[in-house]
């Protein structure tokens with residue numbers, strides 16, 4: 001069975017994940033508003049290495065909202081598997097897209113709205129078929145998993161690729177390609193989720209009376225989490241300052257979700273005991289999300305006026321017979337002759353006169 005039939009902790013994690021998506025989606029808007037205000041004042045932009053946004057209260061309000069959202073997300077990971085919590089981040093895409101169209105005057109056409117709905121549907125399917133994670137109940141078992149060779153190889157690849165993106169690809173392509181800075185956030189974010197999961201286990205043991213504060217692993221995970229979040233905030237600010245919010249948010253979601261699912265599958269062996277229908281459902285749900293994100297991203301600048309709708313959906317066309325008659329009068333240009341009939345007649349007459357002459 002999928003995760004939706006799980007214990008009560010599933011519903012706690014679900015509620016926390018929903019609240020997290022709402023706060024994180026709103027934080028993108030507040031941060032972008034703050035960065036735009038700095039741009040109008042002529043201050044050094046974050047995309048050019050400036051840090052003047054630290055003096056903007058709107059940016060701090062956005063950071064506070066993101067902090068609340070991440071805290072809720074932190075708690076959600078402590079109650080539910082990462083592959084269950086992470087896909088619900090698609091709701092932050094919807095929140096950010098809708099709010100950016102209202103408060104930032106950014107375009108959200110029909111394709112974008114359909115993309116948001118597909119992201120929500122895909123997330124729902126993934127939640128229903130989410131894999132059951134292997135049980136991790138103590139810091140000792142977490143330490144054993146962190147020593148797994150597969151996870152060590154994954155972590156090394158993430159760190160090396162992030163360093164290459166920061167120091168090699170960033171100076172060359174960071175200002176023109178949205179993937180550079182967003183890939184850094186996503187790759188480092190997959191490691192931060194592992195740290196969050198370990199700290200959640202540590203807090204559970206602390207509340208149960210175990211001497212967790214004497215364990216070095218908990219402190220190591222805390223330091224790693226602070227470093228990962230600092231890197232994420234820095235490069236997410238760069239991406240938001242350079243590119244459109246409705247572009248950064250969905251691309252970040254897709255890459256972050258992919259990285260987290262990969263990390264969780266390697267570290268917690270979440271997919272090891274899944275049956276075929278849950279595997280198909282999880283993959284199908286994720287591909288649905290990717291399709292929705294593609295619609296939201298690829299056609300963001302394409303205008304979609306009402307004239308492009310089918311005739312029976314356009315306003316003022318209640319009479320179906322009138323619609324058919326109008327369709328005959330307004331045929332597509334690809335079905336029209338290259339020259340109108342009268343032009344053809346005048347053209348043939350001129351050709352005959354020329355031949356007689």
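Cβ atoms here come from the backbone N, Cα and C positions, even for glycine.
In TrEMBL, the feature transmembrane segment is placed on 178-202, out of the ranges 178-202, 303-327. Range with TrEMBL annotation transmembrane segment, chosen from 34-56, 57-79, is 57-79. The list of residues near the transmembrane segment (178-202) in space but at least 6 beyond its ends in sequence, with Cβ under 8 angstroms from a Cβ of it, reads 73-75, 77-79, 82, 86, 136-139, 142, 146, 155, 158, 161-162, 165-166, 169-170, 212, 215, 217-218, 221-222, 224-225, 228-229, 231-232, 235-236, 238-239, 242-243, 247-248, 251-252, 255-256, 258-260, 262-264, 267-268.
Between the transmembrane segment (247-267) and the listed ranges 12-30, 57-79, 85-104, 217-235, the one holding the most Cβ pairs under 8 Å is 85-104.
Within its own chain, the transmembrane segment (217-235) is flanked in space by residues 63, 70, 139, 142-143, 146, 162, 166, 181-182, 184-185, 188-189, 191-192, 195-196, 198-199, 202, which lie at least six positions past its ends and keep a Cβ under 8 Å from the stretch. Remote same-chain partners of the transmembrane segment (57-79), defined as residues 6 or more beyond its termini with a Cβ less than 8 Å from a stretch Cβ, comprise 9-10, 12-14, 16-17, 19-24, 26-35, 37, 85, 92, 193, 196-197, 199-201, 203-204, 229, 233. Long-range contacts of the transmembrane segment (12-30) within the same chain, counting only residues at least 6 positions beyond its ends with a Cβ under 8 Å from a Cβ of the stretch, are 58-59, 61-66, 68-70, 72-73, 75-80, 84-85, 88-96, 99-100, 103-104, 127, 240, 245, 248-249.
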